[in-house]
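Student: Marked as compositional bias 'Basic and acidic residues' by TrEMBL: 403-430, 922-942. Positions annotated as compositional bias 'Acidic residues' by TrEMBL: 692-701, 869-881, 890-921. What TrEMBL lists as domain 'FACT complex subunit SPT16 N-terminal lobe' is 1-102. Residues or ranges marked as domain 'FACT complex subunit SPT16 middle' in TrEMBL: 469-620. Among the features that TrEMBL reports, domain 'Histone chaperone RTT106/FACT complex subunit SPT16-like middle' is placed at 745-835. The region 'Disordered' annotation in TrEMBL covers 371-443, 688-707, 869-977.
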Amino acid sequence: MVFLQEQIHVLCSQKKATLLEELQESSKKKTGLDVIVHAKSRNDDGKELMQSILRQIAGGKNPSSVTVGWLSKEAPEGALMERWSELLSDSAFNLVDVSSGLSEVFAVKDETEIQNIRKAGFLSASVLKNYVVPKLEVVIDEEKTITHAELMDDTEKAVIDPSKAKVKLKADNVDICYPPVFQSGGVFDLKPSAISNEDPLYYDAYGVIVCAIGARYNSYCANVARSYLIDADALQSKAYKVLHKAHEAAINALKPGNPASAAYKAATSVFEKEGPEFIPHLTKTTGTGIGIEFRESGLSLNSKNDRIIKVGMAFNVNLGLHNLQIQSSQNPKTRNFSLLLADTIVIKEKGPENATSSCSKSFDDIAYSFKDEEEEEQEKPKPKAPSGNGADGQHFKTALRSDNQEMTKEEVRRQHQAELARQKNEETARRLASGGLGQGDGQGVVRTTGDLVAYRNVDDIPFSKELMIQVDQKNESVLLPLYGLMVPFHIATVKSVISQQDGGHSYIRIIFNVPGAGYSPTDLASQKFADAVYLKEVSFRSSDVRHTNQVVQLIKTLRRQVVLRESEKAERATLVTQEKLQLMKARPIRLSDLWIRPAFGGKGRKLSGMLEAHVNGFRYSTMKADERVDIMYRNIKHAFFQPAEKEMITLLHFHLHNYIMVGNKKTKDVQFFVEVMDVVQTLGGGRRSTYDPDEIEEEQQERDRKNKINSEFNTFVKRVSELWEQPQFKDLDLEFDVPFRELGFHGVPHKASAFIVPTVNCLVELIEQPFLVITLNDIEIVNLERVGLGQKAFDMAIVFKDFKRDVLRIDAIPSTSLDGIKEWMNSMNIKYYESRMNLNWRPILKTILDDPEKFIEDGGWEFLNMEVSDSDTENSEESDEGYQPSDLDVASESEEEDSDDESVVESEEDEEEEEDSEEEEGKTWDELEAEARKEDKEKGAESDSEEDRRRRKAKATGKVRMPEVSRKLPLKKPKLR
């Protein structure tokens, strides 16, 4: 857009040009200015139109004599703006930066703008006063653990929902200027770009908590910041009081007619008089102008800005002291501290008006002291001792604080885990007492045969002159010649068909599903016809090899089609009916050229598709009419956005509450992704130089492509997040989680190694299939197995609150990740235990479900505590009972899981083996040991010691698993720590 004295030139697309046609007429009538629109076609780069505009600017004069104002500091975005900036720079015009002039124009606000800033300021101060401060007081009073990032998330929700802060403003009109900032524990950053880290809030003695909140109302910004002191010492108290006085002096200096530098000079004069030792720690400015932009850089309140303050201006008066030190403290979390104060000020004719004054910053309101209560408790045996301000009481408290500082991270973690163990056992006891045993995964489909009907009437059976095997695909039946008759069998009754050749003949063997082999014991057919005789298998011999092969192929194909159809039908029958997608009337939020996982079935070339966000859900579709998936917002349990960093793809992943069908696949996880790099293979195999220009250019193109794709996904996520902030979606609590790569670790959750990363609410692996999404709130406990000296890797067993759900294992985690994982779980309040060997969890959970009261009476989960178990072993021989692991050879969990993946069909031989194993389970340990000793004697291995045999057996099995747990739990109640 170019402004001339009597014309305004606009270069845009043809679609936008049609929208500006109405502006042309109204502008001419009201202002006398001609609005000239230059419409650019889709394939036009716009260069000729730009040159035409430049000629209009010159107006036939020598370009060097024409002065053109432009925004030199604004970086051009997009190819069109870059081309315009290049042509303008190459022209001979006299270019002048007009940023300061425009800043001067926008600096003075009208009454409507001032009112918007006032409301934004009132909202910011109210959130801090009515929501943040009470929350901090509860956390400190109850000694809770909460991270800065969690406080940031909670406060952000309070800003966008003003009712939480007791403010009557419409949620549609408010937003945040920046994510709320919370800092404590010796790590402070007073820059406007500061963010809240993942460290826990620190509120012990000498602690400082800095809070900053910025809110918008109708796009206008306001800012407030406060510092809160916990049991402040003399240095902290003096520093804050001087800072408070200097901040008020800076605000009072903002009067109409004064230069902007007056604010900074007023603040420094206070420090020169009352705290000259703090001047080196003072921030370089006392703030900036504020409005639609959070920082109006042309109105910086520093010592060199001489711009005159006018009525209608607004400022963010921000003053702080950074990197101060308490010399007497050795604790790094209290030794270094910073202080910050900020208010939003509006300039009126009478002087400055504080829009955030409702949140007090006086010393009495921001300083918290807990000394009196603690010291009164210490002085109870000595009624005549000082109440808390004496030297002895202060010395005792300082010594106690020093002892706490010497506690290692592991000791702090153990204390927290001991408290979690108590809470977890109480929670589990309440849940089991109320009958909350869980419902299992809910994925199993109960198979029932119903009434299989091949033909309704005998007359419907096709007539055949020749007695030979026929396949009726229309009625899904196989006709077999038996005793001179064609007998029909529904294809669902066929278990398998085998053909083989011997000499000049070909043999066909057909095996049927029969009760006790192919079906479950509760099969409807076996119940309905209890006295019926079933045909298990039948064999035929034929001299026509060609016909034999054709029949076998037809039977297998028909069986495969029917099984696939029935399984899909059974899966669809278990699906929850979802609401209908409401299409957005306006242009929906879109993301193009995406691939989906799981992929659609069918043959042919796979196509990329488009993801659209509509009124109540997403829709993904490709060019094929039958390839479409709808995901309702109410069905989304977790949403993830993972940009490509070290991976080859950028992705959006949705973990759902209820299953949906993607093609013919039933799934709870749907993912949309784009590959950010192409796999390239260099022909010829020659190694290219690092400084090869082509190589450098390719790498730069790859980086640009990755950044572009990440930016497109990020824009889509932001727009969808804004959509989810609407009132009708508040109860869904939807937001996009971004995995924390720095907390990730390698492990084997399924069959291949993968990089597993935590998010705010989950533990996920979203690159390799099958995906891993574990909701942290669903976790009961975590047992770290094979933990010990000399081990290069350990395993993680995750036990869910739903005890009917299988324990999830993540194997082969490098031991170097152990401390990081324990620290993360501790920060997320997840109770974990450690063991030296793997446990067989199925019998353990079965024992708990069979007798939950006994489980609680025997100490709950504390049987997993290695320290308690070790101490009990030294004092009592009864510790070998119950949940104690053994080195006897039993089937591993992985073997049991593999068996679950096999067909539900069980042969008679399997049943016989199960009966034999049940008979063996009836023998006592003494009988089994006697038999083993007898066998060893017969083999000549009597001289081997029991220890040698055990060592050989452990070496052969590789892993030691726990045997099936007896129904008795430990008789000795473990100690709770």
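Backbone N, Cα and C define each Cβ position, glycine as well.
Here the structure is a predicted model, which means the values were calculated and not measured.
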Student: So what pLDDT does the domain 'FACT complex subunit SPT16 middle' (469-620) average out to?
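Tutor: Summing pLDDT over the domain 'FACT complex subunit SPT16 middle' (469-620) and dividing by its length gives 82.
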Student: Would you list the DSSP helix, strand and coil counts for the residues of the domain 'Histone chaperone RTT106/FACT complex subunit SPT16-like middle' (745-835)?
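Tutor: When I sort the residues of the domain 'Histone chaperone RTT106/FACT complex subunit SPT16-like middle' (745-835) into the three classes, I find 16 helix, 42 strand, 33 coil.
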Student: Going by DSSP assignments with H, G and I as helix and E and B as strand, what are the residue counts for the compositional bias 'Basic and acidic residues' (403-430)?
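Tutor: DSSP composition of the compositional bias 'Basic and acidic residues' (403-430): 25 helix, 0 strand, 3 coil.
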Student: Determine how many residues of the domain 'FACT complex subunit SPT16 N-terminal lobe' (1-102) DSSP places in helix, in strand and in coil.
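Tutor: The counts are 47 helix, 24 strand, 31 coil.
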Student: Give the residue counts of the compositional bias 'Acidic residues' (692-701) per reduced DSSP state, in the order helix, strand, coil.
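Tutor: Result for the compositional bias 'Acidic residues' (692-701), in helix, strand, coil order: 9 helix, 0 strand, 1 coil.
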